[in-house]
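Please read the structure below before turning to the comments.
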Amino acid sequence: MSAQESCLSLIKYFLFVFNLFFFVLGGLIFCFGTWILIDKTSFVSFVGLSFVPLQTWSKVLAVSGVLTMALALLGCVGALKELRCLLGLYFGMLLLLFATQITLGILISTQRVRLERRVQELVLRTIQSYRTNPDETAAEESWDYAQFQLRCCGWQSPRDWNKAQMLKANESEEPFVPCSCYNSTATNDSTVFDKLFFSQLSRLGPRAKLRQTADICALPAKAHIYREGCAQSLQKWLHNNIISIVGICLGVGLLELGFMTLSIFLCRNLDHVYDRLARYR
């Protein structure tokens, strides 16, 4: 066996093993997304999310898993069987994925101000129509969860919730905010979130009285709530994690470039046989 043949054989099995790993990973992602979609009780109780946005994300996971499996399968079969057509298709899909990521990165960088303004408009619109439109429930619950995770309230400040029609108080009452703004660390009491994500509520921390309606959990703005807006919290999160985000993006990009280089090198250096399927007929 010549040095070139040994190199091609090494590249072939290297591509096969790594794509087999990603095929298994895609299968796990697909199974995980399907499990979330099917399991409406125990998993939701564990995560603390309402089922509507969780169902949306589970579909995204399932589709991502299927696409990962399909791409990895092309790489596995194309490399192992030395099929130029599959290797070429594998290279083309990786190139399309890489170009899409580069395009998105450029658009986000150049249109950052416009994107921030658009996100602000969407958030403020969601706040203003909070619990008034059943079709927007998923977006509202997702924003509730964002406030809970980022430990913030409103976009610029909790005063943004004064525009919410369903939370507007009478002139004699103080303003209300959703329970997702509740700062449980101030009282070491997190049971308010049982009302936010589920229909039952056992108790709430001191000084925080609930305004209970059909499916709204709200508490006075003077209670123990987060005082920082989510715009500031999001900027802090991005600043603290920018190195990790850039590192992950660079790692994924380099991995895709490596697979593209190996696949096109293997494809170009195979014997000039354009249809290896004939041997299996």
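Using the three backbone atoms N, Cα and C, a Cβ is placed for every residue, glycine included.
Pulled from Swiss-Prot, these are the features on record:
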TOPO_DOM  1-17  topological domain 'Cytoplasmic'
TRANSMEM  18-38  transmembrane segment
TOPO_DOM  39-59  topological domain 'Extracellular'
TRANSMEM  60-74  transmembrane segment
TOPO_DOM  75-85  topological domain 'Cytoplasmic'
TRANSMEM  86-111  transmembrane segment
TOPO_DOM  112-241  topological domain 'Extracellular'
CARBOHYD  ASN170  N-linked glycosylation site
CARBOHYD  ASN183  N-linked glycosylation site
CARBOHYD  ASN188  N-linked glycosylation site
TRANSMEM  242-266  transmembrane segment
TOPO_DOM  267-281  topological domain 'Cytoplasmic'
Tally every other Cβ atom lying within 10 Å of the Cβ atom of ASN183 (N-linked glycosylation site).
17
State the non-local partners of the transmembrane segment (60-74) in its own chain: residues 6+ outside its ends, Cβ under 8 Å from one of its Cβ atoms.
19-23, 25-34, 36-37, 86, 89-90, 93-94, 97
Which sequence positions outside the topological domain 'Cytoplasmic' (1-17), separated from its termini by at least 6 residues, show Cβ-Cβ distances below 8 Å to it?
75-76, 78-80, 82, 259, 262-263, 265-266, 269-270
